[in-house]
Amino acid sequence: MKALALGALLLAYAAHAQQCGRQAGGKKCPNKLCCSQSGYCGNGPQYCSSNNCQSGPCAGLLGDEQCGRQAGGKKCPNDLCCSSYGYCGSSAAYCGNGCQSGPCNGLLGPEQCGHQADNKECPNDLCCSSYGYCGSGDAYCGNGCQSGPCDRRYGAATALSRAILARI
């Protein structure tokens, strides 16, 4: 019985001691653990509070409403962002890197597209940024947008303009 308890303790320690986040090249924690600001996996406020957490099920990262690829492409209401974890919100945790839809402001979306990915187009009516990632908002649909519902103020080619140009 002591050996079983010791094994469980060592397993718990190994999970908590695992490095993650920017300290480990963006690595995510396993088993729905949070990645702390210091780059270690665990649970509890020292790992998961909104001011201590880099990724995972952080407090304040998960809203009530699900969205994105985790919810069949559903968009968030009220101009909210859909986080990489598939929840709606308005902070950088939702609208930053990995944001799936809404007024995203990150440079890297969840999926590659454009000339960086054999001219692959984005799903769910998302834009393909100049960097080759899918998302919405100015970072994706603004200057340099490769495909999708690009903002016409920047002269990006939309599906309609590509069709017209193909007939000329």
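The backbone N, Cα and C atoms fix where each Cβ goes, glycine too.
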If you pull up TrEMBL, which of C20, C48 shows a disulphide to C35?
C20
C34, C41 - which one TrEMBL pairs with C29 by disulfide:
C41
Could you identify, going by TrEMBL, the member of C113, C122, C127 that forms a disulphide bond with C141?
C127
Just to be sure I understand: of C29, C67, C82, C95, C141, which disulfide-bonded residues have a C-alpha no more than 10 angstroms from the C-alpha of C122 (disulfide bond)?
none
Give me the Cα-Cα distance between C76 (disulfide bond) and C67 (disulfide bond), rounded to a whole Å.
6
Between C20 (disulfide bond) and C141 (disulfide bond), how many Å separate their Cα atoms?
31
Of C41, C81, C88, C113, C134, C141, i.e. the disulfide-bonded residues, those within 10 Å of C34 (disulfide bond) when Cα atoms are compared
C41
Other Cβ atoms within 10 Å is the metric here; tell me which of the disulfide-bonded residues C20, C29, C41, C122, C128 scores highest.
C128
